[in-house]
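*Asks:* One structure coming up, written as structure tokens, with questions to follow.
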Amino acid sequence: MVGYDPKEDGRSNSKFEVAVAGSVSGLITRALISPLDVIKIRFQLQIERLSRSDPNAKYYGILQAGRQILQEEGPTAFWKGHIPAQLLSIGYGAVQFLSFELLTELVHRASLYDAREFSVHFVCGGLSACAATLTVHPVDVLRTRFAAQGEPRVYKTLQDAVVTMYRTEGPLVFYKGLTPTLIAIFPYAGLQFSCYSSLKHVYEWVMPADRKHSENLKNLLCGCGAGVISKTLTYPLDLFKKRLQVGGFEQARATFGQVRRYRGLLDCTKQILQEEGAQGFFKGLSPSLLKAALSTGLVFFWYELVCNFFHCLKRTDS
């Protein structure tokens, strides 16, 4: 069960176990979906149309982008920025799931609403993601910079990136793109948690008791569905965030095509609409949906698996 469940009070996981489960789920998922994340970021940052008919387009398809990155930069390119990405995933997962557990328990203790309602999971999921974002956003900026740079690399190591960015762009560089991130993450995470819970109820209703597959399969499939729904509805804001995060980083983007400077969220929205059209807001949607399905499914799958593991340990000890 994700979030506080009053029916399991006394048998639920400790707050420490919830944080560990969130961290483990983030760590494993990040390692598996990193290649898709790199392709998605490259698509989002490309000014030219993602079309084979555009002679200036460096990337125009998932398979083509994968082959080109592999040929030009080698297999390690798919895990560029993996260290900051792992720090991001571990910290984010711990804070998000722990915050969600605490918030849903608070709602129940206050006797305001049923802690398992769709609206409660939506609001608590959004708030928990905002708390996690504020905690790890600097690492997200570092991850994006590493994934976005080509060859030769501007940043050689994580320490080099932190020092260079701080010296050349100031401390606020680590919070670039925070506004669209917070605006996007609240409904995105809210929909993830609420849709995951709702889809599990639908799954249990559709699948009769004697035909149910394993609990793990249910968690994986419902997580995938929640990821696709939430990502589709909030995608443009994710693209704005990525564009803003690489501001001041134009020299490393030169080999990928045109680069642009944006003065803020509204200016970014305006320029993309004028130059790339409304479809520009959805650049990289295909790999993003694939990544969202896999990452959300795997995150909930591993989280529930680790929580169940802790339950088994407790039963063994008792």
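In case you wondered, yes, glycine gets a Cβ from its N, Cα and C as well.
Under the heading repeat 'Solcar', TrEMBL lists 13-106, 116-202, 214-309.
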*Asks:* Where does the mean pLDDT land for the repeat 'Solcar' (13-106)?
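*Replies:* Overall, the repeat 'Solcar' (13-106) comes to a mean pLDDT of 87.
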*Asks:* Give the residue counts of the repeat 'Solcar' (214-309) per reduced DSSP state, in the order helix, strand, coil.
*Replies:* 80 helix, 0 strand, 16 coil
*Asks:* For the repeat 'Solcar' (13-106), give the DSSP counts of helix residues, strand residues and coil residues.
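*Replies:* Grouping H, G, I as helix and E, B as strand yields 73 helix, 0 strand, 21 coil.
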*Asks:* Treating G and I as helix alongside H, and B as strand alongside E, what does DSSP give for the repeat 'Solcar' (116-202) in helix, strand and coil?
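*Replies:* Each residue of the repeat 'Solcar' (116-202) counted once, the result is 73 helix, 0 strand, 14 coil.
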